[in-house]
């Protein structure tokens, strides 16, 4: 619990700290405050916001060192940063006749039917309805009735002002709420400033409405600005307003400001509610701040507050993003033990975490408990379970869930469901089943596939060498989702070119590539032409990569190398040139490792052609090291990885044949699966026999 406000020293008043043995954030040591703690969107850009400086008794730590300290009277009570009592709605004073009249039942309908632009008719209708000044109850009734008609509410307010009616704060508050519902921020800002300049005096509800309206209209900086104005006007926020502004700080990622405000509220005796803790949890979670989330959980325990399902969801999501699945599991078990029933979002979050970190046993336990306890389900949760099963390799369980959804009358498969299943079938080489889902079942259910479905199918068909089906699937994609054709699909088309059996098939795939990406088609034609110089290819390759997403750049290079390696007609030096370009643009960093015990090259995430080019490049680097008389390790290793399914086992099998055909002295490693190892002497002799090494091996050994 935070210390009492009276015990805070001047240094702690300047910057707030957590009451922990190890603070989450270090004290500022320099004379210049960090940018995140400086004034943000305040009324005066040169002053620190009142919300952060209200309790400051001494000059800020960024003032000159020779400034004299200000004496503070210890007997004078410090101003509060928060009101611990919820502000009640003020009752208006009596205007005119204190007796409320019975309104004409048709008056409200008449007012609503009047065009918003006809101010004269609106005013005359009100004047005729009230032969004497209306009572406050009549005005409140009209304002509440016109809640969904903000322009009419403003007209009513103008009529009251022109009628010399004594204006009350509650009238403005009702109009502001109507404008908030309609998200008309400019009108809200105008009315609020009008109250500040001409009255009536705004109260806590006024500022709370304006701040929540700014939040609703996504004018977050304006919300902070009005929170500062609130203190300037001498109005202390209550708990609801305080929680609202904390949420705005969290959305803007202003962690330091939110924590300072939170600590000062705690020092004033504020007991945060679940909303405040949920906001802080999301703030820490989005920042990946594990210490902050742990502190928040301990703070709730100190205050004897049992987290609700929203707080638990926030913490579980946060620890999942921070890479702490064990803590996320502890929180899930804790909420179940405390009797807080998980909802659909809780189950979705924990299953996503288990799927991401391959925790199959925990995931299956959750699924079993879901059926036993009859926890709530929704479409997103069903799809999450399906995706988790696919990611964990539980193909049979995924198919059972898919069939359950198809038989269900409530949670029918949607586009996401079919996309997951198509990926699963393509990963397991069941292209016929994936084809059936894409071109038969989805149209029957009225579902339009997205580009990821086509990409998965084209990739699978290309690896199986079914070029004609690749072309048919691509033409369907061009008809269905032409605007979604992206670089990933182009990579799959490039990969298919390596499996073409003849020139006719290559031309068919090239025609598809030309439709999908003219820039890529131009680069392929340049690679085919032996007369094109390296610099021209480099410039075209750079333009292609600059427009492609980062996660597609290495696959692009891999596929281009494969095409030039395995298809006849391309110059023999093109694969090494492309691999060299990939190194220039940082696509193949970290492949080679040199230790005293061994040198190695990691080919596990490369395509076959790129792995072959990387292996040749590594062997040449070994030869260069020998010629430069560098110290060599006793052995050399090539990592190829291993896989149980058909596609993942292709690279190890190919490299094993390639090493055997070239006579390279690499053999399978017994102590490290998925790698080949060679002794120093054997490798140097082989390099000399291949003409790669010009130095005599006897001189080195």
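Backbone N, Cα and C atoms are what each Cβ position is placed from, and that goes for glycine too.
TrEMBL lists region 'Disordered' for one of the ranges 57-78, 79-100, namely 57-78.
Here the repeat 'PPR' (308-342) has, by DSSP, the following mix of helix, strand and coil residues: 26 helix, 0 strand, 9 coil. Averaged over the repeat 'PPR' (308-342), the predicted model reaches a pLDDT of 91.
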